[in-house]
Protein chains: 4
Amino acid sequence: MKRIGLLTSGGDCQALNATMRGIVKGLASNIQDLEVYGFENGYKGLIYGDYRLLTSRDFSGILTRGGTILGTSRVPFKTIREPDERGIDKVEAMKQNYYKLRLDCLVILGGNGTQKTANLLREEGLNIIHMPKTIDNDIWGTDMTFGFYSAVNIATEAIDCIHTTASSHNRVFIVEVMGHKVGWLTLYAGMASGADIILIPEIPYDIKKVIEAINARAKRGSGFTILAVAEGAISKEDAALSKKELKKKMEEDKKLYPSVSYAIAAEIEKETGMEIRVTVPGHMQRGGSPCPYDRMLATRLGSAAAKLIMADDYGYMVGIVNGKTKKIPLGECAGKLKMVTPDAQEIKEAKRIGISFGD
Amino acid sequence: MKRIGLLTSGGDCQALNATMRGIVKGLASNIQDLEVYGFENGYKGLIYGDYRLLTSRDFSGILTRGGTILGTSRVPFKTIREPDERGIDKVEAMKQNYYKLRLDCLVILGGNGTQKTANLLREEGLNIIHMPKTIDNDIWGTDMTFGFYSAVNIATEAIDCIHTTASSHNRVFIVEVMGHKVGWLTLYAGMASGADIILIPEIPYDIKKVIEAINARAKRGSGFTILAVAEGAISKEDAALSKKELKKKMEEDKKLYPSVSYAIAAEIEKETGMEIRVTVPGHMQRGGSPCPYDRMLATRLGSAAAKLIMADDYGYMVGIVNGKTKKIPLGECAGKLKMVTPDAQEIKEAKRIGISFGD
Amino acid sequence: MKRIGLLTSGGDCQALNATMRGIVKGLASNIQDLEVYGFENGYKGLIYGDYRLLTSRDFSGILTRGGTILGTSRVPFKTIREPDERGIDKVEAMKQNYYKLRLDCLVILGGNGTQKTANLLREEGLNIIHMPKTIDNDIWGTDMTFGFYSAVNIATEAIDCIHTTASSHNRVFIVEVMGHKVGWLTLYAGMASGADIILIPEIPYDIKKVIEAINARAKRGSGFTILAVAEGAISKEDAALSKKELKKKMEEDKKLYPSVSYAIAAEIEKETGMEIRVTVPGHMQRGGSPCPYDRMLATRLGSAAAKLIMADDYGYMVGIVNGKTKKIPLGECAGKLKMVTPDAQEIKEAKRIGISFGD
Amino acid sequence: MKRIGLLTSGGDCQALNATMRGIVKGLASNIQDLEVYGFENGYKGLIYGDYRLLTSRDFSGILTRGGTILGTSRVPFKTIREPDERGIDKVEAMKQNYYKLRLDCLVILGGNGTQKTANLLREEGLNIIHMPKTIDNDIWGTDMTFGFYSAVNIATEAIDCIHTTASSHNRVFIVEVMGHKVGWLTLYAGMASGADIILIPEIPYDIKKVIEAINARAKRGSGFTILAVAEGAISKEDAALSKKELKKKMEEDKKLYPSVSYAIAAEIEKETGMEIRVTVPGHMQRGGSPCPYDRMLATRLGSAAAKLIMADDYGYMVGIVNGKTKKIPLGECAGKLKMVTPDAQEIKEAKRIGISFGD
């Protein structure tokens, strides 16, 4: 007999449902008298005691469904020790609801911020399993997060679509890919779609080098150029600013441009007189049905989580390392970010085939 | 023996290549000594005499390829009588190149603007066939244009992706669909994707009615709402302005908001305090591989055009009416726009199932 | 106040759920105290009184879901007057359940066979609305059935996939497309995918002409050929047989070959020594998520059905004719089949671009 | 200055073109006076001296194109030492053409059989690089082959389509997935699509266990069951036969059934009286456009191969191990098969969530 809680927290992404299905199928196939409580809208549901008892029926047919059947919300880690709207300490409220339901464990699906709160709850004595969800693939300790490849597919298809127009019109196009701090998604979608220039947060760009790369293509007879630009792409000048100066600069930019790609476009236009088009697929990248890669990954991670729960072995993130699912102690990975390094093998491979990173 | 010219003009879209393949396969299967001249980058190629002789090989394998193998550009109709960069009258330059190559006819693929120039060339004595290309489906005289359903597919998938996120987060989302003057694309993608509110240029909206519709959904327990908004959506206030006032208003708006959806989002936010997200798939909607519907349509229209050419029967747009391909005299359709009417059957059907148009 | 019954009958296809959603949204948006009874597994549910009361919740989020939430089954029209397993006349059983629930009307989604039974129930005095569901598009009285274009998409993608292999290996490939009696699906998928030879039931083929077409391609330097063959493709010899002889012949063929394509492949191989590959996507063609075209069509037809129900105007199929939804008296269309005619415009257009029908 | 040869051999698959593009872009971006010779139709082109000089133009725009621009064919390894049609030893003919063109190296894209010949050519003194191509992912020494995930996507979508029909009709369906000797593709597509029973060559099945699994589902209220069956699935009885007996048995089966799935269906039908449907997507699985995962992998492997060539470092397969591209000595990997082992982590994970392997 087991009583487990489930919640999904942070920005939604593909394969949240697939992961929960994997966990519950794993448990239900092996445990009699399983009770699964789903907390609604992320940590909020745990704080305010909004939950519902779920049956296998709830998990049937959701392998392919995007979003989360539980709903989600953002409760920033830095506010987690502040009282909630009732004036109750949020952590205490969560613990009370956990104990009130006499849960054996709580499975939390979320990204980096979510993981920090999950680790805090572990430190507070709760039995926690964390499942690494994010389209950014920036969670330390796992090679891959579910959601990443579904987002790569959408961003790649967006660039594919732009490709036909760019080449028909001999135009320079920027496609802005999600990723404020980390460039994995832009790097993978950019390489998979044949982008010519890729700008990511980890490799500050020099606008002159970017323009050189565009001109070099034109000289070789390619009338069009496609830039895959991460939301958090940053110029060398800005990267050299102090944190305070940078914040000020970004606030000013925000008044002038809807997002970084428009600022880059404006700068290239000013320098060259070319007309640059910008496309921002935006939230599309985290929506829709998960791709088969993510469904397989989610199913494997879910099944691995079920194994831990059956063994009463808690306090881990369930990740995948070198193709094998694996438990990673939350205390080791929480608070760390997995970023692209400028000497990553993928970067070298990209540069070798002529992709410019503007550095 | 036949010598024909081909050009693609205006914004590119899906199935341009499929249409040209249909025409050339139709001719090549029936005519000995066919010569096909492809003008590069739209009317520009015809003006400056940039062309290349094409072989069947050029048309092999392009049924599924987006964009145009000929390249395209925009040469506005209102500048067509102005001299080109060499100081030569553009229309004269086009006629000279047509006669120099001793063409039997010129097949022009393009939208409304392109069609006006095509009709002018017809009036000037050239043998012209026009093929109705546009994602907007706004060409008068044909039920359907190629490109439309491919764009519907992309816009619908974009809204599908947003759907999972909107419902997981209980958010209000605006997806901006292409269409400055005409709302067919937004109407079809909106209905196909289950959008709750659809705003199109032909039905000016009252922001109060839009907010009412959002609130009504919330009252019925639906935490999220999706708006499909055409680029050219317009409020009742703005629609009542004089042309001059409207132009001024739009210039002001442009300084404040990247596009109409952001303005609408800001207004709803101001009135309600809700947070509204905006997604703009943009140019993606005209790119990528044509869908099977468009490939079939393009093949049929192409084959029908070949029939006209074989009969030396010129001066038409080749369209589809009530499921049958048909020739429509260019003199009848050029300069007319096919718009959504507020009493269109689709509008009534949409309203009946509870979709709000904000009117 | 209205009490309506819903059932889906015959082979499932895409957009059954989308259609029911359209009907129920149309009614629920306009009628107070709506009660919707869903009969399970087609006419069986009506015969045996297996139904459940449905709420708007059941119709939420099903626009994109394939299959049918009600389940379906085949109850052949010719057995409809035979007693059921309890010994009760099936028609009487259906009428009793209809009256017991005091239904205002019964909406039946199905194909040609289903329609005949629907018309019988109408003749028996029930208020009936029929919705034209089939991937075959063979229902008389409507230009289009829902399911058709979703199936075209799948069959076209199948041929697209085969295309790359066929051209890389210089092989002759047969792709067998669904359609026992009617060739619309094969014709449309074949033309949309660039098939070289299309064999459909309505145009009996001469195997010599088929081989000639393959050889002609080889002579022109095309090493590969793709045949789109309908399940019900038939040779001229077989088409000339008496019904009895044909039945015998088909039974013999069935022992030798899994399906018609294998028989055709064997015959070509015998005559030419070529190696022919066969691919049969089969049931895939009726499954999966409906395409945007079908979702739009289903929504429109559903909304139009709701209008009829609100006006207590029964006894119709709801179809689409020349782009407008329309009611067609069941007495007029039941029992008729909409077939491809050898002089259909699409056939002429296909032949003009060099597609062979083996005739 | 470098002169390299390229050939693609064996069954085609997705991302062959993407891989060649990666290699050539890597070389062309770094080497002056690069000459690339493409041999036509696999080893045949090398044997008979059929090649063409390729330019960067040939590699432009092929990232997303399925098949191979070079054509391919099968020349079985066991016939490689037999004389060709001219009576010349095939290996000698290949060597002569290699030396005649003064190639610096020959890059060979292919699967296991191709690799054995590649290794033989290496032993004969040629500079060889092998790129691991196959939808089976059965090449020893690399974690992943290009083509695999594109095939997983197609097989998964096929099962997804069948899913809606199976559940609407309460039917048992078999989807036959490619893989004669190795079950990776069936395992991954089966898990990603939520198949209930997965039969692969590496785990011989007991038909009684398969039927038990179907019945257990029915007992739990699930009216439908989906089996993902590899082409090479084998029963325990057959697996126990001697090689000779097995060959005889398979020949007999071949007379009775088009493929293994039909035999399994027949056996289940005989035992249970249920009606089982079979779908065989077949060659579709190796065709069409490569998925973004494969495009990224192909680009990385291609770039890594270019690095080796620039360093004159030959005699390797270029694979990916633990996320890093890597050279693997051909002498180590040629002739070995990477199979699923019954205690693979994926198998345990699948069993834990209730998937039956019939063992």
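The backbone N, Cα and C atoms fix where each Cβ goes, and this holds for glycine too.
Just so you know, TrEMBL annotations never went through curation; they're auto-generated.
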### Same-site ATP binder from D:GLY11, D:GLY179, D:GLY183, given that TrEMBL records D:ARG74, D:VAL75, D:GLY111, D:ASN112, D:GLY113, D:THR114
D:GLY11
#### Entry: Candidate sharing the substrate site with D:THR134, D:ILE135, D:ASP136, D:MET178, D:GLY179, D:HIS180, D:GLU231, D:ARG277, D:HIS283, D:MET284, D:GLN285, D:ARG286 (per TrEMBL), from D:ARG171, D:ARG295
D:ARG171
### Query
In this predicted model, what is the average pLDDT of the domain 'Phosphofructokinase' (D:3-309)?
96
### Query
Rounded to a whole number, how many Å is the Cα of D:ASP136 (active site, proton acceptor) away from the Cα of D:ASN112 (Mg(2+) binding site)?
10
### Position of peak Cβ density within 10 Å, selected from the recorded positions D:ASN112, D:GLY113, D:ASP136
D:ASP136
#### Entry: Assigned element (helix, strand, coil) containing D:ASN112 (Mg(2+) binding site), judged by DSSP
helix
